[in-house]
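Below: the structure, in structure tokens.
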Amino acid sequence: MRGIFISIEGIEGTGKSTQATLLAKYLKEKGYGVTQTAEPGGTRISFRIRELLLSPESTDMEPMTELLLYNAARVQHIKEIVMPALLRGEVVITDRFSDSTMAYQGYGRGIGLDLIDSLDSVATGRLRPHLTILLDIDVETGLMRNRKLQKHDRLELEDISFHEKVRKGFLGMAAREQERIRLVDCSGDIEAVRRNIVGIVDAFFDALQK
Ligand code: TMP
């Protein structure tokens, strides 16, 4: 594998997709080949799974079904989008990856973390992002931002305590894996957050040259 794999993570309303797009633009302008993608999605089958997962009508979905479907969408995404781009030597920027499963299905839903880790190993073959940007904001502000955007998918409709658990999960993971997961406060404006992310990514690429 020759490319660089970067994931952007965080709770609802952290502006992940906006920042993923700005980072992709920045790296393209620097001359890198970039593939920008998102989970669950990226491929025809993963989008079908996404619709099933996020539809407010899927109220009767079991947590285990949810976990398996996120992993199923990921298998397809890695095979069709992520690995081919990495093998071409590109920078892959994904809006969400395995850390979201640990945070939402593990810390949020309460499914055993060891089980989630075992399934992740099956689904990803232990493919890990080289760098993860974790965007952080308080839950209420994040949910309010999304409401303004009229986003009402099934997980966003969970109560505040669910999202608090997810956020805590993400922050705990960042504390344990400080090398890979870099925390960025995103309560400021878009440009301030963008500069912060670009600084982290530039330092990461500089370290690779050494
Ligand atoms: P988003 O594309 O708007 O971020 O929506 C994806 C939703 O799916 C979001 O609520 C987080 C959730 N999710 C999980 O619960 N587990 C996962 O593994 C992934 C990738 C997303």
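Placement of Cβ uses the backbone N, Cα and C atoms for every residue, glycine included.
In TrEMBL this protein carries:
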BINDING   Gly10, Ile11, Glu12, Gly13, Thr14, Gly15, Lys16, Ser17  ATP binding site
DOMAIN    8-197  domain 'Thymidylate kinase-like'
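The Cβ of Glu12 (ATP binding site) has 22 neighbouring Cβ atoms from other residues within 10 Å, across all protein chains displayed. If you take every residue in the domain 'Thymidylate kinase-like' (8-197) and average the pLDDT, you get 96. Mapped onto three states, the DSSP output places Gly15 (ATP binding site) in coil. Apart from Gly10, Ile11, Glu12, Gly13, Thr14, Gly15, Lys16, Ser17, the ATP site neighbourhood in this chain, defined by C-beta within 8 angstroms of the site C-beta centre, holds Leu135, Ile137, Gly142, Arg145, Asn146, Cys186.
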